[in-house]
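Residues annotated as compositional bias 'Basic and acidic residues' in TrEMBL: 42-52, 76-98. Residues or ranges marked as region 'Disordered' in TrEMBL: 42-110. The feature compositional bias 'Low complexity' is assigned by TrEMBL to 63-73. Summarising the annotation, TrEMBL assigns coiled coil to 153-183.
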Amino acid sequence: MALTPEDVVNKRFQPTKFREGYDQDEVDDFLDEIVVELRRLNQENDDLRRQLSEAPTGTSQNAAVPAPVAASAQTEEVREEKKPEEPKVEAPKVEERPAPAPVQQSGGAESAAGVLAMAQKLHDEYVNAGVEQRDKIIAEAQIEASGLVNDAQEKSRKTLGALEQQKAVLERKVEQLRSFERDYRSRLKAYIEGQLRDLDSRGSVASETADA
């Protein structure tokens, strides 16, 4: 399918997110230049086709040239020389005229066709160059996007790994604190119970002494 200026104007690319890319204004300006050049070439093609259709076609009949009259005059002179009894009469001299050159009517058509072919070739080259540039920009953008995605994924994996390590360290500390709490409670309970027993024993001794 041939690429038209409208195809370039109406082409829309998917905008990218979260990554670097080419300047959109520069890409738009470049595409605008391509559109202007395509329209100019299309206009030239239309003009050349119109000139080609309006150019008259050459015919081979115009190239026909009558034989010079001088040849027939010389033949008459030879015939007169073969008759000695009759007085020699010189044939009238006929001025030889050069044969007119054939009209080059087909040359204009061939030239127009050549110009049209050259314009079409330039048009195709500009279109191909624009397509190649577009494909190159898209390919580079895709490569850059892929690299950015890979970098983001790698950073995400590293961050998650670091968080997992921190989580494991915190869990160990929490377990240590819980173990310390249980041990502390046990020791505190034993200490309080010992103190209570001491108080009970002292109270019993004091009562026995008072009774005695």
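The backbone N, Cα and C atoms fix where each Cβ goes, glycine too.
Nobody curates TrEMBL annotations by hand; they come from automatic prediction.
The predicted model assigns the coiled coil (153-183) a mean pLDDT of 94.
The compositional bias 'Basic and acidic residues' (42-52): residue composition by secondary structure is 11 helix, 0 strand, 0 coil, according to DSSP.
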